[in-house]
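As written in TrEMBL, here are the features:
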DOMAIN    41-296  domain 'G-protein coupled receptors family 1 profile'
TRANSMEM  26-50  transmembrane segment
TRANSMEM  62-86  transmembrane segment
TRANSMEM  98-120  transmembrane segment
TRANSMEM  141-158  transmembrane segment
TRANSMEM  204-226  transmembrane segment
TRANSMEM  238-259  transmembrane segment
TRANSMEM  279-298  transmembrane segment
Amino acid sequence: MERTNDSMLTEFLLVGLSDHPKLQTVLFVLVLCMYLMILLGNGVLIAVVIHDIRLHTPMYFFLCNLSFLDICYTSSSVPLILSSFLTVRKRVSFSECMIQMFFSFAMGATECVLLGTMALDRFMAICYPLRYPVIMSKDTYVPMAAGCWVAGLVDSVVQTSLAVQLPFCTNNVIHHFVCEILGILELACADISINVISLTGSNLLFLAVPLLVIAVSYTFIIATILRIPSAEGKRKAFSTCSAHLTVVIIFYGTIFSMYAKPKSKDTAGAGHQSVMEALVSLFYGVMTPMLNPLIYSLRNKDVKAAVQNMLGRKTLSKM
């Protein structure tokens, strides 16, 4: 490809599924409905946890952070996705593209670390129930949550800074719905070895390490649950972590297919994004945040009771 000065590159073109206009129309309606459900579901979950004092615990504090993360992540990408469905080629300025990529990457990295932190919280609660209130005090779990956010933001600063410094070719077409980092790297007209190494390191720190923490935590959790003598005790103990485990499976199942194998400059494909790849991308970007509040509300009696209690009080106040 012909090289151009990076100062001359002022915009990118997002093509997404432009070869399938009818599918884009269907997806626009579907994604819009999902986004509204994400805002409503996660917003209600945050309000319920804040409203009900019985939910002022480390587990639900982390859950509030997860819900807020889902709102932030989708809000950084869904508006651009929706607008790309309305045009054949969505034009995005260079600065807008980098900003959107920064926030999307930051929220994704933060969620990886947060899910690992939530697994540690469940490990302490089930394996050390008597010491749990002392170990997981407010002075402990608040800095833990803050650390998740800082780690994700720092990682995104590194990845985005490296991408911004690359010179780009005259081909500025991104075969994606949003400004996604792998799609950006494919357009670079320079050696991206540093970017690939950095992204691989990021994958290890923010995908593999939290997943290892989750796996080890649940190994001890399952071993502890199996030692509980009563069936009711086992059921109650597992119910406190089943929602988190479900979210982890959905989250990592989709994100690994997208980011676990960074493409080098030589192997990066230049063809159109397949329909399946596009749908997997949408599933990770929209479906997972929509399912999180449903999973936690349907599989958690405390949350369901708190929702019913809050709705009941509002009904009584109107009478």
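FYI, residue positions are counted from 1 along the chain as it appears here.
Placement of Cβ uses the backbone N, Cα and C atoms for every residue, glycine included.
Because TrEMBL annotations are produced automatically, they should be read as predictions rather than curated entries.
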Check: Other than its close neighbours in sequence, what residues sit by the transmembrane segment (98-120), given a CB gap under 8 Å and a spacing of at least six beyond its ends?
Finding: 59, 62-63, 65-66, 69-70, 72-73, 76-77, 80, 92, 144-145, 147-149, 151-153, 155-157, 159-160, 163-164, 178-181, 184, 202, 206-207, 209-211, 213-214, 217-218, 244, 247-248, 251, 255, 259
Note to self: Under 8 Å for C-beta pairs, could you tell me which stretch among 26-50, 62-86, 141-158 has the largest tally with the transmembrane segment (279-298)?
What the structure shows: 26-50
Margin query: Over the span of the domain 'G-protein coupled receptors family 1 profile' (41-296), how high is the average pLDDT in this prediction?
Written below: 86
